[in-house]
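Everything below concerns the one structure shown next.
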Amino acid sequence: MTIPRSPRRLRAGRAATATAGLLATLMVAAGCSAGGTQSQAGGEPQEGGDLVFLIDSLGPTWVPNNSSISSFQGHIWGHLTDKLVYVDENGTVSPWVAESWDQNEDATQFTLKLKDGVTFSDGSPVDAAAVVANLDIWARGDVERGINPIGLFPKTYVSAEALDDLTVQVDFVAPTLGFIPTLGYHGSILISPETLAAPAEEQADLANDIGSGPFVVESWTEGDEVVLKKRDDYDWAPEALDHDGPAYLDTLTYKVVAEPSVRTAAVQSGQAQVAYNPSPQELEFYGEQGFTVAAPRYLGFVNGYAINTQVAPFDDVRVRQALQVGIDRDEILSTVYTDDWLPAASFIQSNVPGATDHSDALVHDPEAAAALLDEAGWVEGSDGVRTKDGQRLSFTLHPNPYLATSQAVDELVAQQLAELGFDVDIQAYDVITFGERVSFANPSIPTYEVTRSFIDAGTVAGVLTDAENGENWFNVGQSDPTLTELAQDVATATTTEERDPVLDELQGYVLDRAYFVPLTQIAQRLYLQSPDVQGVTYNGVAYANYYTAWLAE
Amino acid sequence: MSSTTNRSAARRAYGRYAVRRLAQAVAVVLLAYVFTFLVISVLPGDPVSNVLRDPQNNFSEQEIARIVAYYGLDQPIWVQLVEALSRFVVGDLGVSLRSNLPVSGLLADVLPSTLRLAGAALAVALVLAFAIAFGVRNLPAPLARPLRAFPSLFLSVPNFLIGLVLIQWFSFQLGLFLVIDAESLLATFFAAVALGIPVSAQIAEVLIANLDHEARQEYAAVARSRGLGRARLFTAHLLKPSSLPVVTVVALTVGELLGGSLITETIFGRNGVGNLVQRSVATQDLPVLQAVVALAAVVFVVVNLVADLVYPLLDPRVRLDASPARTKEVSA
C-alpha cells in the first residue's frame with residue numbers, strides 16, 4: 001500500500017522556488033511573439049476600463065491604523081481614502097483636503113483650513129470634527145480596542161480642536177516642522193469617524209471602512225482580492241495631480257498571485273495590466289519587450305550602514321572613514337542593480353527636500369582607505385587580514401531581511417573590504433530572528449543595515465542621539481557635542497529656510513565622521529506595467545496612483 | 001448459542017466499538033489542537049510584535065508591549081492554552097491575530113475553493129487511474145507495457161511543474177482560462193489535473209497490482225477457459241474485487257488532497273485552505289493554525305471511519321464481529 005508522500009512534497013515545495021525562476025525564463029521565451037505588440041504612449045485619456053493589479057500579498061489586517069503603511073495594503077488605502085495634503089515624488093507638499101494651513105512662529109501650533117463639500121462615501125462630511133477624530137487616532141491609537149497608533153506620527157502631539165466646521169487647530173509640545181508633510185504620509189489616511197469608533201474586529205472587514213477617496217470597495221476576500229469601483233461624485237483630487245472629477249477607470253482589482261513569474265507572465269499575455277514586485281533580473285527583458293518598468297524612489301533614508309561607534313574596530317573614527325571610502329558603490333550598482341537605481345549622494349535619498357549632494361565624500365578611494373588603516377595601526381598579516389595588538393580587523397554584517405537585494409550587496413561589500421584587509425563575516429537572519437537579535441546601539445551589532453522611509457527630513461533628528469528618546473543609531477549617545485547640537489537645531493527649527501543649512505551641515509558631518517556609511521538609493525517598490533496603461537502617478541512614498549490612469553486600447 | 005443472542009452480542013460489541021472510536025476521535029482532535037498550540041508557542045517571537053518590529057512602523061518597546069497585552073500574548077503559555085481550549089470546546093475558534101477577523105469566517109471563505117479543487121482532483125485521479133488500469137489489462141502488450149510506467153512517471157514529476165506547464169499552455173498561450181479568475185470552471189479543472197495526476201498514480205498502482213493478482217486466481221482462469229473476452233472479464237469479474245483496496249487508498253489521499261493542495265493553490269492563485277495556512281504559518285497566527293489542524297484531524301477521522309463502514313458493504317466477507325482484533329485489521 002502506498003504511504004502518503006508528504007516529505008517528498010515538502011522538498012518539492014522548496015525546489016519550487018528555485019525552479020520557478022527557470023520556468024519564468026521559459027515562459028518569457030515562449031510568449032515573446034504575444035508581447036511584442038507595442039502601442040505607443042500618448043493620446044487623449046479614455047473613460048472606462050478595468051485595471052487588474054497582481055500583487056504578492058494583501059498583507060495582514062485591514063484595521064486602517066494597523067495596515068495603512070503596509071507595502072501591500074497601502075496601495076488600496078491610497079485609492080479608498082484621501083489625505084489632508086499631497087506629497088509628490090520630489091517631496092513637494094501641496095493642498096488636498098486641507099486647502100491651506102498656517103503655523104505659529106515656533107512651529108508648535110498649526111491651523112488647517114479644510115476644503116468645503118468633501119464627503120465620505122457614506123455621505124457624511126469630511127469636516128473639522130472628522131479630521132480631529134483622525135488626528136487623535138493617528139497619534140494615540142486606541143490600544144485597548146486593538147487600534148495601534150501610527151508609529152511615525154509626531155510624538156510631540158498634544159491635541160486638535162475644531163474651531164469651526166472647516167478649521168482645525170493642532171497643538172504640539174515642541175516645534176514640529178514635520179507635521180504638515182506627515183499629513184501626506186501613507187499612514188495619515190482620512191477615515192470616517194463612525195468607522196474609527198467601531199471595534200477592531202469590525203474595522204478589520206474592509207467593507208466597513210469608509211473613506212473619501214476616488215474609489216470604493218465593491219467586493220473583497222481576505223488574502224485573495226480586493227475589487228474597487230470608482231466613485232462618480234468624487235471631485236476633490238489634489239491640484240498637483242492635474243485631473244478633476246471621478247477617476248477614468250471603472251474598476252481597479254488587486255488580485256493576489258504569489259508566484260512572481262506567473263504575475264509577470266500574466267501581464268505579458270494581457271490577462272492583467274500591472275505586476276507588483278517583479279524580480280529585478282526580469283526587468284531588462286520586459287523593458288526591451290515594450291513593457292513599462294517603474295521603480296519610483298521613496299522619500300527616506302538611503303540603504304546603508306548605521307555604524308555602532310562603541311564596538312571595535314569602529315570605535316576608531318579612522319577605521320570608519322576607511323570603510324566610507326573603501327566601498328565601491330558603483331560596482332554595487334552595476335553588479336546587483338539595474339539602471340533604475342541611483343548612487344547615494346548623502347545618507348538620505350536625494351529627492352527629500354533638504355537633501356544635499358555629498359557624493360564627494362563617498363568616492364571610492366582604496367589608497368586613502370589603506371592609508372587610514374595604516375595610520376590607525378592595523379597591519380596586514382600573512383593571510384591578508386590586518387591585525388592590531390593581536391586583534392583581527394573583522395566584523396559581522398547582518399543583511400536586512402526587508403530588502404531582497406541586501407544579502408547580495410553585503411556579499412559584494414565583504415569582497416571589496418577583504419581587499420583592504422578586513423575580514424567580514426555575513427550572518428543572515430529571517431525577519432523574526434532579525435527583529436529579536438539585530439538592533440541599533442546593540443553591543444554585539446557593529447553595523448545596522450538601514451532601509452526606512454520618512455516624509456520629512458526632520459525625522460533624521462530623532463535617530464542621531466539618545467536625547468528625547470532618540471533611537472541612538474550610532475551609539476554615540478550625547479557624547480559628540482557637534483552631533484547633539486546639529487540634531488537639536490534640526491529638531492527645533494521653525495521654518496525650512498532656517499533648517500536647510502543645518503541639515504546640509506549635518507549631512508556633511510555624519511558622512512565625514514562616518515557614522516553612517518551609505519550604499520545606494522532605494523527603489524523598493526517595482527512595477528511591471530502593460531504599455532496600454534497611461535497616466536500613472538507616483539507619490540512621495542512610491543505608491544502607484546491609478547486615479548489619474550487610463551487604458552489605451 | 002442461538003442466532004438472536006449472537007446478534008445482540010454483536011450489536012453490543014458494535015456499540016462499544018462505536019463509542020470507543022468516537023472517544024478516540026474526540027481525543028485525536030483535542031490533542032491536535034493542543035499540540036499545535038505547543039509547537040507554535042516554542043517558536044521565538046509572537047505574531048503581533050513580529051509585525052510591529054518592522055522598522056518602518058517606528059514603534060517603541062513600550063508601545064509594542066501595550067499592543068501585545070491587548071492580544072493577551074503577554075500571559076503565561078498555560079493561561080493562553082486554557083483560554084484557547086475553553087473557547088474551543090464550546091465551538092468558538094477565536095479571532096485571527098493576523099487579520100483581526102473571526103477564524104470561522106476565514107475558514108468559511110477558503111473551504112469551498114479547497115473542497116471544489118479536492119473533489120475535482122479526486123475525480124480526475126479516479127478516472128485516470130481506472131483508464132490506465134483498463135489500458136494495462138486490455139491493450140496489446142506493446143502499448144500496455146509502457147502504460148505500466150505511467151504511475152511512476154506521474155509520481156516523479158513535481159506537481160508545481162505540471163501546474164506551471166498547464167498554465168503556460170492553456171492560459172497564457174491558448175487563453176482557455178484566466179489566472180486572475182481562479183475559480184472558473186476551466187481554471188478549476190486544470191488545477192485539478194495538476195493536483196490529480198500524482199494522486200492517480202497511487203490509485204493506479206494499487207489497482208494494477210490487485211488486477212494482476214485477481215487475474216491469476218482460479219475463477220479468472222475458469223472464466224477465460226469458457227471463452228470470456230478480455231474486456232468482459234475485466235468489467236464483469238476482475239474490477240469489483242480489485243477496487244476494494246482502492247477505497248483505503250482513496251481515504252488516505254483525501255487527506256493529502258486537502259492538505260497537500262498548497263502548491264497547486266499557490267501556482268493557480270486559488271484562495272484555499274492551503275493558502276490560508278501559508279499566510280498563517282508565516283505570521284504564526286495561532287488561532288487559525290489550531291483551527292485548521294483541528295479541521296484536518298476531523299477530516300481524517302471521519303474519512304477513515306467512513307472507509308471502515310463502506311468496506312463491509314463492498315465485501316461481504318468483512319464483518320464487524322465481536323472480536324476487536326478483527327475490526328482493527330479491517331480498519332488498518
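Here the Cβ of each residue, glycine as well, is placed from N, Cα and C on the backbone.
Because TrEMBL annotations are produced automatically, they should be read as predictions rather than curated entries.
Nonlocal intrachain contacts for the transmembrane segment (B:21-43), taken as residues 6+ away from its ends with a CB within less than 8 angstroms of a stretch CB, comprise 77, 80-81, 84-85, 88, 284, 286, 289-290, 293-294, 296-298, 300-302, 305. If you look up TrEMBL, you'll see B:21-43 (among others) marked as transmembrane segment.
According to TrEMBL, the feature domain 'ABC transmembrane type-1' maps to B:111-311.
Summarising the annotation, TrEMBL assigns transmembrane segment to B:117-136 (among others). Tertiary proximity for the transmembrane segment (B:117-136) is limited to same-chain residues at least six positions away from its ends with a CB under 8 Å from its CB atoms, namely 143-144, 147-148, 150-151, 188-189, 191-193, 195-197, 199-201, 203-204, 207-208, 211, 234, 242, 246, 250, 253-254, 257-258, 261, 264-265, 270, 272.
Listed by sequence, the residues of this chain that lie at least six past the ends of the transmembrane segment (B:157-180) yet keep a Cβ under 8 A from its Cβ atoms are 186-187, 190-191, 193-195, 197-198, 263-264, 267-269. Taken from TrEMBL, the feature transmembrane segment applies to B:157-180 (among others).
Among residues of the same chain six or more beyond the transmembrane segment (B:186-208), those with a C-beta under 8 A of the stretch's C-beta atoms are 116-118, 120-130, 132-133, 136, 148, 150-155, 157, 159, 162-163, 166-167, 170-171, 176-179, 242-243, 245-246, 249-250, 253, 256-257, 260-261, 264-265, 267-268, 270. The transmembrane segment feature in TrEMBL is assigned to B:186-208 (among others).
Long-range contacts of the transmembrane segment (B:288-311) within its own chain (CB-CB distance under 8 A, at least 6 residues past either end) are made by residues 21, 24-25, 28-29, 32-33, 35-37, 40, 84, 88, 93-94, 96, 98, 103-104, 106-107, 244, 247-248, 250-251, 254-255, 258-259, 273, 276-277, 280-281, 318, 327, 330-331. According to TrEMBL, the feature transmembrane segment maps to B:288-311 (among others).
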